[in-house]
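Chemist: Annotation source Swiss-Prot lists active site, proton acceptor at 256. Sequence annotations record features per position, and here Swiss-Prot assigns NADP(+) 1 binding site to 29, 30, 31, 32, 33, 34, 35, 36, 63, 164. Among the features that Swiss-Prot reports, D-glucose 6-phosphate binding site is placed at 164, 194, 195, 196, 197, 198, 232, 251, 350, 384, with the record citing similarity to another entry. If you look up Swiss-Prot, you'll see 347, 356, 360, 382, 390, 391, 392, 410, 411, 412, 477 marked as NADP(+) 2 binding site.
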């Protein structure tokens, strides 16, 4: 009953209204790294494909003093233009862009921004404003208060897009939410976790619930373990100051990987509405106990074996006595009928041997009969790079003898959908925010439940100074104990069939 009432209220206050006309996007932090690498390229991608509202204006706001021409020069430098056509489109895009400089904690600065917004909106019927906070968390609260006090539209819809991190633990997250509450309704807040905008992550619901053969085996009776892996081949590269404050668990696992886990584990929502989907995700989180230290290993990268790559603590921006983990593997457990007893293994690390994010679902062994020693089936979802889904399965090797070989059913997106462009995650999420669709954004109770899971572990690691991360070489797979750790939770790595994907050669596995 209450949920129905809430959704009715949302429709009345405009939170689910698609913004089609009379819209301004304000990018706060317009001269920063996030705006340069993600926000402006995404806005240009939407503009190129005609997904932005008609007559939209894009206002940049930052502390950096620069005139209009200097600002446009920066915007152009953010975006690649490999063809003449794209260069002409960028010229048109720049005509939508203006810039205002100001401080983040001064009324006069935001009054000046409000005056600029009113000037460019003077011929509009409504003042719909989307505020994109591409800002460090230290100024979130101050800026949100200033926006509400000075720049909130009198006649139109206001939305605020907030980037992670949403706090450092449960209490700081709650403090942040409490500070936002007086000024912004929950339905006006869009908390971005860009993994929810990735094509393969968005495909999880369709794949699970739109294919009965998956849905029927998606439980503890058929699945032995689930792995969610995030690997980066580079280190902090001069960003150690930021990273050392948060570490790999806060940076990747409490948000990106946990969001993927909830989509894998949730029950079928009753509809595709944002609230129904997020209700099911929250139910999964509430069925999970806090992560236990005994279910965790942490590491920190050292020099590469050839000495060409520096150790984490050799980064000038990192404290020499840092205990910050750059690698973590941990196991989460879901206490419900579907998943009780199935370990969810999450692994994330920097300075590893490759760039990869994937989901690996390993099915149970064939327990008896003539095939009892055959390799396990696996469903692998490659999130990035080279988006794909493949099923590792056993097949008879062509020939006169009864030999088996591990092969795969393979859906590689760039081959199957070669004529379609996979959108960038930020393009997808900004478009969702313009539409008022919260499905791929993080709700307040969802955020609370995720921090409840991780905060005890984070405090345990922070408070116990004697806990030192295991060192692993830059460019390796991670700490040397990793394989033993995953094996202790049931994961079976099998190279008996000489299996490779993509397939390059075949070695039979004789029965």
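Positions of Cβ are set from backbone N, Cα and C atoms, glycine also.
A description of the local structural setting of each listed feature is requested, covering burial, neighbours and distances.
Modeler: Secondary structure from DSSP puts residue 256 (active site, proton acceptor) in a helix.
In the three-state DSSP scheme, residue 35 (NADP(+) 1 binding site) is classed as helix. Counting Cβ atoms from all protein chains shown, residue 35 (NADP(+) 1 binding site) has 24 others lying within 10 Å of its own Cβ.
For residue 195 (D-glucose 6-phosphate binding site), the same-chain residues lying six or more positions away in sequence with a CB closer than 8 A to its CB are 201, 255, 256, 257, 259, 260, 383, 425.
Counting every protein chain shown, 16 other Cβ atoms lie within 10 Å of the Cβ of residue 477 (NADP(+) 2 binding site).
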Chemist: List every residue in the same chain as residue 31 (NADP(+) 1 binding site), at least 6 positions away in sequence, whose Cβ is under 8 Å from its Cβ.
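Modeler: When sequence neighbours closer than 6 are ignored, residue 31 (NADP(+) 1 binding site) has 60, 62, 63, 64, 66, 74 within Cβ distance under 8 Å.
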Chemist: In whole Å, could you give the widest CA to CA gap in the NADP(+) 2 site formed by 347, 356, 360, 382, 390, 391, 392, 410, 411, 412, 477?
Modeler: 26
Chemist: Let me make sure I understand the span of the NADP(+) 1 site: among 29, 30, 31, 32, 33, 34, 35, 36, 63, 164, what is the greatest distance between any two Cα atoms, in Å?
Modeler: 21
Chemist: Residues with Cβ closer than 8 Å to the Cβ of residue 350 (D-glucose 6-phosphate binding site), same chain and 6+ apart in sequence?
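Modeler: Residue 350 (D-glucose 6-phosphate binding site) has long-range Cβ partners 232, 234, 235, 236, 248, 301, 326, 327.
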Chemist: Between the Cα atoms of residue 197 (D-glucose 6-phosphate binding site) and residue 411 (NADP(+) 2 binding site), what distance do you get, rounded to the nearest Å?
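Modeler: Cα-Cα distance, residue 197 (D-glucose 6-phosphate binding site) to residue 411 (NADP(+) 2 binding site): 20 Å.
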